[in-house]
Amino acid sequence: MLEPFFHWRQATGIQVLANSPLSARLCTGVKCVSSVLNMAPTCLQPLLRYRSFAILFLTPLLLLPLPLTVPTREARCAYVIIIMAVYWCTEVMPLAVTSLMPVVFFPLLGVQTSKKVCLQYLNNTNMLFFGGLIVAISVEQWNLHKRIALRVLLILGVKPALLMLGFMAVTAFLSMWISNTATTAMMVPIVQAVLDQLDSTENDVTLVEQASGQTNTVIELEEKITSESTAVHVVSNEQVTDDPKSSEEKKMRKRICKGMTLCVCYAASIGGTATLTGTGPNVVLKGQMNQLYPNNNDVVNFASWFGFAFPNMVLMLVLAWLWLQCSFMGLNFKKSWGFGTEKTAKEKAAYSVLKAEMKKLGPMSYAEFNILLLFVLLVLLWFSRNPGFVKGWAARLFPGGEKYITDSVPAVFIALLLFILPAHKPKCKAWNPSMSDPEQTEEDKKKPFLSAPLLDWNVVQRKMPWSIVLLLGGGFALADASANSGLSAWMGHQMTPLGSIPPWSIATVIALITAVITECTSNVATATLFLPIFSSLAESIKIHPLYIMLPATLSASFAFMLPVATPPNAIVFSYGHIHVLDMVKAGIVMNMIAVCCVTLAINTWGRPMFELDTFPAWANSTRNQ
């Protein structure tokens, strides 16, 4: 929904001007709401006006018979979960505030002790997410992500097809490590600058061609010494024949603008699925696997997730690129790829824009170089901790390290280094004052050896999405209470008849359902609500829990159809190039592509990677408990 985007905008200090496209859209939305209220029947108007109030107070009252008529822990746990689900879907309260409800109501209703509930809000998985976010904030703080994006775009080139591919590849790569919202907010202005330059250059070229054409016509007419009436007739004919071409070019420019902006938000959502910390639902799966199956042998870690999700992300990205090319630009390879052609004036102008943006960044600073090294070190530590086919550094360097060390350890370690290492190169000073550099001023001599660190806590406090951290914690508290109260076992027993359906069809249907629901609710809330239910389903029909939970987790990020579905969509929509119908048309096909890719992944390389053909002992033992 749009509310997380507004919280993010306030946290990062981004202002929306009164005459901006997003402001206009919001004003239009307010007018639409007021018109709906006026058009509604008289009896329904008070209900619509007090919708939030009614949902807040009527939902608990209407559901109250459940714990009263069924006085069990399972019913009391279900009572709280259903209320939270309604609040999450309708957003009558901020998502983070709703996530705090288990701290109050689980102890009061005797579902779970307060100590156990509170421990879920900053557990191992949340610390992994927290450490990854701190590293992402440091990358944003020093504009390293923008330097990477511009460098890749300059390498790939500015032919239409390559330019879109470059935008998508850069956005997807950055979304693997930093938030989808921040990536989109950084990339869309670059896309807009390139599109503006293309338009202005094309207008200049058109004016030059028209002036040249008119001059040639006048010369020819003077040589032939024709009458004035004939000259007027010829000029008018030329203008008439040029109009359809000009209107066609304008339509094509609009379609290119739509495709170029849509590709950014789609690539951001797709790229976030490739890494364990790339987006919220992935972290929810990791946490709930540890919560529901504590003896799962760390089956979902950074390396295993990347090995499964990264090929799927590449496949989805290529298919999405082909779909957007086909629907907005056409598959004219000679025109799009520029085979056997020279750079046009528009392409040269676009290239000059990218070079100008790169020049503004200046040479790579000492801080950027340090952050790049720390970022690469973090990725290497994640991959080599427990690669699976050989012993990782955790087991080799530390006795019993495979039991004690998880992916959160390197994440927090690198985060600590960001607050220690200096942002500027230290200057060595001589101990003997007589040997010191005479060019040093008194101020230089008084400066400390180490400058300010790479990251300041005030920056982290301002940019950290604390609401997501609380939302994850609330989800883990729900999963833990659902398992310990017996609610998960009861739901699994009710779904036993589904065992007669082929597992691949169950996984496909679940992916479709999740992809539809996530268009209307937060992707983290969707994963939080449904993953415990899907794990119970897997246990009841005796299939590997990941066979169902993996497609559901990935599909929770496939919000392609509506501007309000995810913050990247809202950011792209606010620039005014696309309409809701454009996003719906492109998004329907994108959802089908995504679900097909996930189904293919889970039934091909996913099977041997996670041993999905077997029902694991750790799931069976948990079920029997």
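Placement of Cβ uses the backbone N, Cα and C atoms for every residue, glycine included.
Per TrEMBL, transmembrane segment is recorded for 48-66 (among others).
What TrEMBL lists as transmembrane segment is 78-109 (among others).
What TrEMBL lists as transmembrane segment is 121-142 (among others). Listed as Cβ neighbours of the transmembrane segment (121-142) (distance under 8 Å, sequence separation of 6 or more from its ends, same chain) are residues 103, 177-179, 182, 186, 276-277, 280, 283, 286-287, 290, 365, 367-368, 371, 374-375, 378, 406-408, 410-415, 418, 454-455, 459-460, 463-465, 468-470, 472-474, 476-477.
Within its own chain, the transmembrane segment (148-178) has Cβ neighbours under 8 Å at 132, 135-136, 139-140, 184, 186-187, 190-191, 194, 256, 259-260, 263-264, 266-272, 274-275, 277-279, 313, 317, 320-321, 324-325, 329, 333, 335-338, 343, 347, 350-351, 354-355, 357-358, 361, 375, counting only residues six or more beyond its boundaries. The feature transmembrane segment is assigned by TrEMBL to 148-178 (among others).
Look at TrEMBL and you will find 259-279 (among others) tagged as transmembrane segment.
Taking Cβ pairs closer than 8 Å, the transmembrane segment (299-324) reaches residues 164-165, 168-169, 172, 176, 259, 262-263, 266-267, 270-271, 273-277, 282, 285-286, 289, 382-383, 385-388, 406-407, 546, 550, 554, 586, 589-590, 593-594, 597-598, 600-601, 605-606, 609-610, 616 in its own chain, all 6 or more past its ends. Residues or ranges marked as transmembrane segment in TrEMBL: 299-324 (among others).
The transmembrane segment annotation in TrEMBL covers 365-384 (among others). Outside the transmembrane segment (365-384), and at least 6 residues removed from its termini, the chain residues within Cβ reach (under 8 Å) are 135, 138-139, 142-144, 147, 177, 302-303, 306, 392-393, 407, 410-411, 413-414, 417-418, 421, 423-425, 454.
The transmembrane segment feature in TrEMBL is assigned to 404-421 (among others).
What TrEMBL lists as transmembrane segment is 468-492 (among others).
Below 8 angstroms of C-beta separation, residues 1, 4, 81, 85, 88-89, 95, 279-281, 284-285, 288, 292, 468, 471-472, 474-475, 478-479, 482-483, 488, 491, 498, 541, 545, 547-549, 551-559, 561-562, 565-566, 591, 594-595, 598-599, 602-603 of the same chain, each at least six residues beyond the ends of the transmembrane segment (504-534), sit close to that stretch. Residues or ranges marked as transmembrane segment by TrEMBL: 504-534 (among others).
Panel annotation: around the transmembrane segment (546-566), residues 1-2, 180, 265-266, 269-270, 272-273, 279, 281-282, 284-285, 288-289, 299-300, 308-309, 312, 503, 506-508, 510-512, 514-515, 518-520, 523-524, 526-527, 530-531, 534-535, 537-538, 572-573, 580, 583-584, 586-588, 590-591, 594-595, 598-599, 602, 606, 610, 612 of the same chain, lying at least six beyond its termini, place a Cβ under 8 Å from a Cβ of the stretch. For 546-566 (among others), the entry in TrEMBL reads transmembrane segment.
If you look up TrEMBL, you'll see 586-605 (among others) marked as transmembrane segment.
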Long-range Cβ neighbours of the transmembrane segment (586-605) (under 8 Å; 6 or more residues past either end): 262, 266, 270, 308-309, 311-312, 315-316, 319-320, 323-324, 327, 504, 507-508, 511-512, 515-516, 547, 550-551, 554-555, 558, 560-562, 612
Interface check, the transmembrane segment (468-492) with the transmembrane segment (48-66), three or more C-beta pairs under 8 A: no
